[in-house]
Amino acid sequence: MKSGRFIGVMSGTSLDGVDVVLATIDEHRVAQLASLSWPIPVSLKQAVLDICQGQQLTLSQFGQLDTQLGRLFADAVNALLKEQNLQARDIVAIGCHGQTVWHEPTGVAPHTLQIGDNNQIVARTGITVVGDFRRRDIALGGQGAPLVPAFHHALLAHPTEQRMVLNIGGIANLSLLIPGQPVGGYDTGPGNMLMDAWIWRQAGKPYDKDAEWARAGKVILPLLQNMLSDPYFSQPAPKSTGREYFNYGWLERHLRHFPGVDPRDVQATLAELTAVTISEQVLLSGGCERLMVCGGGSRNPLLMARLAALLPGTEVTTTDAVGISGDDMEALAFAWLAWRTLAGLPGNLPSVTGASQETVLGAIFPANP
């Protein structure tokens, strides 16, 4: 069983940067050693946003974007190696999630698409890459997401305490770690995605720092109720979603009924939408004693306060409180999934994704010996 230093690379739906994590991993523990966040050029970010919202592009443009993202991921890895004074030979493998540009796990031909050419990463780093983690699960009838609950269970499950782990990235997803029950997990709906999209269009800011805009506004209750009527929120698990569904176009369709509203009130309403949809799913899943939050949303004081208010019987905290950086959780998970793949161990949980069986995930892109 391969053990040693692994690197995890994650570029999530929030598009706030490429997260790169270095960790030592074996069958007994995962120990984070270092991390960095690598910026995504504005032009690349916009290209990804365009394709996620259904904008047409040529095969040539698509191929170029795939290559450019692969090079970006390689640059991020090499920056971490340089910072830590490490060589390619010091790393067992890179687990790279890729950039999701479309996720459609239901219908006639279920599929999910993550781009960022792994061959570029191997060629530019000299390190074996494990990627394409989601499509095997979909081939077995699953949603292909979320995959991180398996990692949450390995690291954070408790023998007696009822726990849930909430990742608030662009999309929010919940891991159910209830003693005596199969691990559960699903996407609750938008996390930071709509809030980020709105403030970017209205104020040119990538996100609402410290929820300043949202806290200056008031929740528009009719707008909130209108958005909460979306059928995704009442859909039973297993379920997963992404930017191809909850995007700026989705928000615009709801805002058509509310002309002339204060942009800060919209921001406050979007924050409340995230908090309400998460808390409702926590309660529908039976509740928990401790909700541990990670992802960019864990740094949003308004979101954290609203979750605590909406879940009065639950201790709402961050994963940092138990020694795991909330900013690095997903990248760390894909380093761990790469270790699982190389060890020939399954990486999915059918109780979470709905797949017909457990399976080894991903494709291996070996470096030259």
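Including glycine, each Cβ sits where the backbone N, Cα and C put it.
Residues annotated as ATP binding site in Swiss-Prot, with sequence analysis given as evidence: GLY12, THR13, SER14, LEU15, ASP16, GLY17, VAL18, ASP19. Listed in sequence order, the residues of the same chain lying 6 or more apart from ASP16 (ATP binding site) and placing their CB within less than 8 Å of its CB are SER37, ILE40, ASP196, PRO206, TYR207, GLY296.
Neighbours of the ATP site: apart from GLY12, THR13, SER14, LEU15, ASP16, GLY17, VAL18, ASP19, residues of the same chain with C-beta atoms within 8 angstroms of the site's C-beta centroid are MET10, SER11, ILE40, GLY169, GLY170, GLY296. The most crowded of the binding-site residues listed here (LEU15, VAL18) is VAL18, judged by how many other CB atoms sit within 10 Å of its own CB. The Cβ of SER14 has fewer other Cβ atoms within 10 Å than any other of the binding-site residues THR13, SER14. Annotation for GLY12 (ATP binding site): spatial neighbours ASP19, HIS97, THR100, GLY169, GLY170, GLU330, criterion Cβ-Cβ under 8 Å with sequence separation of six or more.
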